[in-house]
Amino acid sequence: MPLTWKDSGLRWYWVAVLVFFADQLSKQWVLANFDLHESLNLLPFFNFTYVRNYGAAFSFLSDAGGWQRWLFTIVAVGFSTLLTVWLRKQSASLLKLNLAYTLVIGGALGNLVDRLMHGFVVDFIDFFWAKSHYPAFNIADSAICIGAVLIIWDAFLSGKSETDSAEGVKK
């Protein structure tokens, strides 16, 4: 018998929804309150600075001419769909993997909406030291990175993956 949404990883989909809305609300706040490249200094090493990212993480392919928007759209839809299918097939008890997948889904969909609505992703979290700035990012990027770390942790660092357990994945 297939897992129901209550018994499957889909039970954790609320995390993706929370990430998505937190990301979108924060970006709407930035768009409503900042001009492009405007900064608000919050700490000696931390600003909110509105920048536009036409590429992927660390502005990868940002000056590629526009085609990358559609590539990243396809990748976001593909990964979100694949991870949702995996959530449906695994037990709700697999906390680490369910959390990881839903963080990635929420982040991917948050950045996807930006790409489709604006043609770029709104970034604003700006850490720096002296004059060296880490590339600006957003809540969606953070969720994707945390989710990826959790997936790697599960796959490589924990010795035995949560999915190795007999009750972990419904085949």
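Placed from the backbone N, Cα and C atoms, the Cβ positions cover glycine too.
According to Swiss-Prot, the transmembrane segment annotation covers 12-32, 67-87, 93-113, 137-157. For D123, D141, the entry in Swiss-Prot reads active site.
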**Study point:** Spatial neighbours of the transmembrane segment (137-157) far in sequence, C-beta under 8 Å, 6+ residues away
**Key:** 19-20, 22-23, 26-27, 57, 96-97, 99-104, 106-111, 121-125, 163
Practice item. Have a look around D141 (active site) and count the other CB atoms within 10 A of its CB, chains all included. Key: 22
